[in-house]
Amino acid sequence: MKTATSYAAFLLSALAALPHASAHGFVSKVVVNGQSYAGNTPGGDTSPSPIRQISTISPVKGAANKDMFCGYDAQVASQVAAADPGSKVTFTWSGGGGQNWPHNTGPLMTYMGACEGTTCDKYTATDAKWFKIDEVGREANGGDWVQQEIMNGGTYTVTLPSNIAPGDYLIRHEIIALHLGMTEGGAEFYPSCTQVRITGNGSGTPNQTVSFPGAYSDTDPGIWDKNVYDPSAPYTFPGPPLSNLVSGDSGTVDGQGGSTSSATLSGGAAPTGTASGSTPAGTSQPSSTTGTGNAGANPSSGKCSLKSRAAPTTSGNLSANYPRHFSRVMKRLLNDFQTTVHQW
């Protein structure tokens, strides 16, 4: 017979989808090298932008989906944003109807791919070769996922490699929402592509590239994650390791309350991202982390002063790390369920 813990975990996974069954989102704005560019509403009218417009705010489902590279029906954009090696690129995520991003569970990852043989405003990207420049998961000490900062209204900033060769590139920034990630096929992928033109005298080229689809599997431990609601469990990022172009002090996280975090990954590479809310915060130094997983997958942790939730226990009343968008009604349902389980 299944344990009470497994029943509660299943209920958590099922209930996590209920309050936002139709609430998804997209990248609504990017700031590249200080210049702001608005994105187009999915399926809406089209204005000049370097962000490739998608047809729906719904997530891409299935790691083998043909739209994994830039999102559903992603269209070539008319603009190419000017950037330099080491430029900062800030992404604003929005939910449907102008609401905040609705999810708070799962990693953020960023890739780049050269627009081979042409400019990005003419490049279809189906055959693009991608290299990873950033990945971030949970905060330090069993805290929240960094995605919580995006749900709180924050933005996310990555730093482009400082030695990257000049040319046109796509920046593929994605959120993988794992509120249903306890079941195979439950992960929701939200990829977004922004077109940039990098100048300068850099000569760096990536030593490893991947394709989308192809870089992930629905059974990868960081995509099908039975411990997604256990903050004490290590997380294994899907996809390739960070590119050889990424190095140095580059991992910070700023939250709504001005908290900061950073992470250092295996091989000395560090994520380049910064999640920023309404209150600016400084940059903290990378910290060593450990974890387990596939070769090439990098565990990460951060240092954010967000309020942490207690780890699940199986003694006494069941406790669980509820997604923050759980309503009182759903929590009451779970409590009633727990009472019933203990009566068995």
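Yeah, the Cβs are placed from backbone N, Cα and C, and that goes for glycine too.
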| request: State the disulphide partner of CYS70 as given in Swiss-Prot, choosing from CYS120, CYS193. | output: CYS193
| query | If you measure TYR190 (Cu(2+) binding site) to HIS179 (O2 binding site) at Cα, how many Å is it? | reply | 13
| query | Around HIS179 (O2 binding site), how many other CB atoms lie within 10 A of its CB? | reply | 26
| remark: HIS24 (Cu(2+) binding site) sits from CYS193 (disulfide bond) (Cα to Cα, rounded, in Å) at a distance of 17
| How many other Cβ atoms are found within 10 Å of the Cβ atom of TYR190 (Cu(2+) binding site), counting all protein chains shown? | 24
